[in-house]
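This is the structure I want to talk about, given as structure tokens.
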Amino acid sequence: MSATDRVNLMCANVLAAVAWPYANGPRHIGHVSGFGVPSDVFARYMRMSGHRVLMVSGSDCHGTAISVKADQEGVTAQECAEKYHRIIAADLQGLGLSYDLYTSTLTDNHAHVTQEIFTRLHENGYVVKRSEMGAFEPSTGRTLPDRYIEGTCPVCGYDDARGDQCDNCGRQLDPADLIGPRSKTTGAAPEFRETEHFFLDLPALAESLASWIDTRTDWRPNVLKFSHNLLEELRPRAITRDLDWGIRVPVEGWQDNPMKSIYVWFDAVIGYLSASIEWARRIGRPDAWREFWNDEDARSYYFMGKDNIVFHSVIWPGILLGTNGRGDKGGEPSEELGTLNLPTEIVSSEFLTMSGSKVSNSRGATIFVGDFLHEFGPDALRYFIAVAGPENQDTDFTWEEFVRRVNFELANEWGNLVNRSISMAFKNCHEIPAAGELTDADRELLDAAAAGFDTVGGLLAHARFKAAITEAMRIVGLANAYISAEEPWKLKDNPERRDTVLHVALQVVSDVNTMMTPFMPHSAQKIYEALGGEGVWAAQPELIETDGAPILMGDYATEQASWGRHEITVGTPLSKPSPIFRKLDAKLAQTGPQWAPVNPQ
């Protein structure tokens, strides 16, 4: 049984839960290298393999960061969140991320589901009230989220540890633990005051969490390392904050307090569930979400950057265990939600850096997605992230490497194979020619391409994107070498052999295009049409205006792309092809574009 067959037998329902980008500004390429492109490659492959996929996410619209940005722009927090949600949704549509639903945390549905989870945890005994020393910005008196406080880790000495965890050693922290704490907003030392909050009682869930994590042997090593480090010293974690911008706390005496709200990290992770419920209602099947959340045979994959591992590998599973009543204190699942599935796999990427620094809005090392798409289109970025992105280690983005990848791999190798194969077939036949008797060289190339579906598919099923696209490009290299060796342009006196070579080349182009579809769906559609295909090969998300806010959805059932060889049809008319990939000016490697120069002055 092939690797692809084994995956297809596992289950039919696959949840692709994609980290929620924060709506306090446009997203940069570092963001989409962590959550965006990897999740879409995976979701598209799973759909092509016959799975029923639900890919959900949305804009994270609550919390102090939104309030701070709103103050800077002289607008309300609601207006700020709505503005950037609209920008982010448009960018993600342009990138071709095939969400079944991309929404936001501003919906009534999301508030209701968040409060239902909070209430069930509270009733099951996993939410406790206690006092703590809260951090406040001295200049404004506004609460400082843990992630807005930096300092030196008391465990490993890392200088840029955050108030909730150290990204270097993975240790869970409180702001008061940091050595030399400072506000990321102003650089001032925070003011600590006693305040009362509700906490998620993670110690009461520790044993269940440890037992569950021990079963996650196929997770990426970086995720397992972080998760085990976090389990060593679990402590209660605050899930409310002194802030007027957020979801109200569903507890008597707190519900009407305008200065108490649910902590943004808590409501954000619940977004995967609330978005699934919203999706089901929007398609007219209000219980369809249960097929992905209550069905024990369903599988769920969570995509994020490494700075979000803590929330997805330990805290979100802890919330789910507590909601299900599976911690030390027992309890019952929510009657409304039922028993909820825990994550099958956490697919975490490392950081994309620029000149060794993390791509960051606050640090000035930024290439915004919208700018990139406007100049280079989506597939150049998608390809770069897949083949050279931070899948397993921090990766430095340089314009030199980007230009090299586009010009020498996309244009010279893959684009050249497509264009010369179709051009020669059009020039000589004006249609897909029939193959005569096959030689060993013909069969060898066709067999290599056919085998690629198992190899590439098996890698994609295990979220090994870089290895998968590298294997597809290896087949491109074999095909180019085959054409160079067979020299069909010299076979005018042997048209049967010429047509056979061209038929083999076109079949391999079709095969590789299928393998490339999850990575580069826009160019895959063009190549499909260049081969005479009609209709939708790779569907794209649609931006839909609803209730005054945009969402992304898509009718992916209309697409014809499926995983495996599609035999080309002899006699299909061909047209003279246009180049699929535009070569970039070599000077760009040294200068960068005007909006993101290599050496900004």
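For all residues, glycine too, the Cβ spot is worked out from N, Cα and C.
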If you look at how Swiss-Prot annotates this chain, which of 21-31, 131-141, 164-174 comes out as motif ''HIGH' region'?
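Per Swiss-Prot, the stretch marked motif ''HIGH' region' is 21-31.
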What residues elsewhere in the chain lie close to the motif ''HIGH' region' (21-31), defined as a C-beta under 8 angstroms and at least 6 residues from its ends?
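For the motif ''HIGH' region' (21-31), the nonlocal Cβ contacts are 57, 59-61, 63, 65-66, 68-69, 80-81, 84-85, 87-88, 91-92, 104, 305, 351-353, 358-361, 366-370, 372, 381, 385, 397.
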How many helix, strand and coil residues does the motif ''HIGH' region' (21-31) contain under DSSP?
3 helix, 2 strand, 6 coil
Residues near the Zn(2+) site, Cys153, Cys156, Cys166, Cys169 excluded, by Cβ within 8 Å of the Cβ center?
Pro154, Val155, Gly157, Tyr158, Ala161, Asp167, Asn168, Gly170, Arg171
Averaged over the motif ''HIGH' region' (21-31), what pLDDT does the predicted model reach?
96
Could you tell me which of these binding-site residues, Cys153, Cys156, Cys169, has the fewest other Cβ atoms within 10 Å of its Cβ?
Cys156
